[in-house]
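**Q** Questions regarding the structure given below will be posed in turn.
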Amino acid sequence: MAPKKNKAAKKSKADINEMTIMVEDSPSNKINGLNTLLEGGNGFSCISTEVTDPVYAPNLLEGLGHMRQDSFLCDLTVATKSKSFDVHKVVMASCSEYIQNMLRKDPSLKKIELSDLSPVGLATVITYAYSGKLTLSLYTIGSTISAALLLQIHTLVKMCSDFLMRETSVENCMYVVNIADTYNLKETKEAAQKFMRENFIEFSEMEQFLKLTYEQINEFLTDDSLQLPSELTAFQIAVKWLDFDEKRLKYAPDLLSNIRFGTITPQDLVSHVQNVPRMMQDAECHRLLVDAMNYHLLPFQQNILQSRRTKVRGGLRVLLTVGGRPALTEKSLSKDILYRDEDNVWNKLTEMPAKSFNQCVAVLDGFLYVAGGEDQNDARNQAKHAVSNFSRYDPRFNTWIHLANMIQKRTHFSLNTFNGLLFAVGGRNSDGCQASVECYVPSSNQWQMKAPMEVPRCCHASSVIDGKILVSGGYINNAYSRAVCSYDPSTDSWQDKNSLSSPRGWHCSVTVGDRAYVLGGSQLGGRGERVDVLPVECYNPHSGQWSYVAPLLTGVSTAGAATLNNKIYLLGGWNEIEKKYKKCIQVYNPDLNEWTEDDELPEATVGISCCVVTIPTRKTRESRASSVSSAPVSI
């Protein structure tokens, strides 16, 4: 009898389920096993990283474009008067605020009528919506801008604006201005007009120039930033436009009133302006010529005759240095006047009529005035060589005229302008320290003595604040002083003010806004030696109090100071610690209460004077330098 087979033990459902679960969990267990490598001490760290498919977005747009061409799943029609386009709502609404707003109001909308748009403009917009690309042309850009503005696709408007600015040329600049004006593209219009101002001579030779309206050419000739080699060129361009059409002659007086005849040399007025028939036959035009000739014939009256027609066009406000004693040629004084251009490069502007040291300078009505100082280098007896010289430089024509000398010789004094007058205060000469004050009246070319200070003072500094001349520190009774006094030109009287915290002499003083600043200079130390004064003091005329601001980075005396763009510039000077001339330029920002080092002077210099004047553009100066009739002259 065959042996019985052992029956396999019957497995319960729980056992079966457990087996099933074990089989199903195997891959998961493998993953968990791998994860333990990350968590274990011998594992490695892992961070998640976002990855991007660079061709996904372009492929998506390309696919949507093919779907639109096949009219597949298109759910909206946009139509002009003559042509319709099938599009996808989601695509158009994603880039057009106009369409998005309409669909928000009515998501079931099937058609949008855009009867004011051209088919070309709408087709270009649709191409842009589906590709982000488009072909622009000056011939069709108007229709594209019109469509982009209506549909409120701001990125497309920006692309069109950038295209117009990039494509602007002498040939098409007027067209670009008109396009920008039509569609109120302010940035584009300003850029095109700026291009025209900078290339006005080249534009004036184009046919489009002669098609300018009176309003357009008048706007250009009124513009202070119009770049031309000379104002004579502006006159010739205006005459060219007037002569093109006899109907324009009625505009001659008004148009030519924009020409700054006072900045045209007398020689050119006679040779090139007077011989234009209109300037002699038309009474109003003739008056413009006569006024300009009188302006040149009366140099001492020019201050009160200043007007828009005597101001250089497109002038540059620059920092000037005047005279001084350079370190490399310590025994000889300098005649040079330097200016710093837009690139912070120092250039020679002109020369003074004579070498000078410790002179004072001031700017009034656009003219540079240079007064006093010393004409010889004699450190042991500077006062002996004080001079009373006084001259005026005209940066428009690069000319000097010698004016009436000061009544007294002065060095180590101060010079300020107020209400159209110049005031020379204190100083010293061979007679010793001076308390006297004299005032120059430009219209009469005369100096007048004014009320003197209570005590003689030299080596001080002064600035105009709150309608008064504030005189600070200096040398009084053979000692450095803290004393401050104020001169009121309206009453010709002096008044003592609160003293400085630190005595100082050979320092500088300037005004920025409603505050006066006293900076630099030297005083006596504990052992009787001269030391630099680093603290800078600020005067508040409303409270009459002095306060400290950020100190100088480098101590200097007999330096030059000026203000430009609401910043104080302190240039050169003598440093007591190093016992050497300095070429550093220190700049103070009152808003930040901070001093910084700027580019240096070309040469270390002491006894230098500084100011800010407006000079003609380089193009204008070069044009005059090449013209015999405009060569520098001295009266």
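Numbers here mean position along the shown chain, with the first residue as 1.
Note that Cβ sites are derived from N, Cα and C of the backbone, with glycine treated the same way.
Dumping what Swiss-Prot says about this protein:
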DOMAIN    74-138  domain 'BTB'
DOMAIN    173-274  domain 'BACK'
REPEAT    318-366  repeat 'Kelch 1'
REPEAT    367-420  repeat 'Kelch 2'
REPEAT    421-467  repeat 'Kelch 3'
REPEAT    469-514  repeat 'Kelch 4'
REPEAT    516-566  repeat 'Kelch 5'
REPEAT    567-615  repeat 'Kelch 6'
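Looking at the shown structure, what environment does each listed feature sit in?
**A** Summed and averaged per residue, pLDDT over the domain 'BACK' (173-274) gives 95.
Residue counts for the repeat 'Kelch 4' (469-514) by DSSP state, with H, G and I taken as helix and E and B as strand, are 0 helix, 26 strand, 20 coil.
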**Q** What does the DSSP secondary structure composition of the domain 'BTB' (74-138) look like, as residue counts for helix, strand and coil?
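**A** Reading the DSSP string over the domain 'BTB' (74-138) gives 29 helix, 11 strand, 25 coil.
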**Q** Among the recorded stretches 318-366, 367-420, 421-467, 469-514, which has the greatest number of Cβ pairs closer than 8 Å to the repeat 'Kelch 6' (567-615)?
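**A** Between the candidates 318-366, 367-420, 421-467, 469-514, the best contact partner of the repeat 'Kelch 6' (567-615) is 318-366.
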**Q** Under 8 angstroms for C-beta pairs, at least 3 of them, ignoring pairs fewer than 6 apart in sequence. Is the repeat 'Kelch 1' (318-366) in contact with the repeat 'Kelch 4' (469-514) by that rule?
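**A** No, these stretches are not in contact.
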**Q** Summarise the repeat 'Kelch 2' (367-420) as counts of helix, strand and coil residues per DSSP.
**A** 4 helix, 24 strand, 26 coil
**Q** With DSSP as the yardstick, break the repeat 'Kelch 3' (421-467) down into helix, strand and coil residue counts.
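**A** Reading the DSSP string over the repeat 'Kelch 3' (421-467) gives 0 helix, 25 strand, 22 coil.
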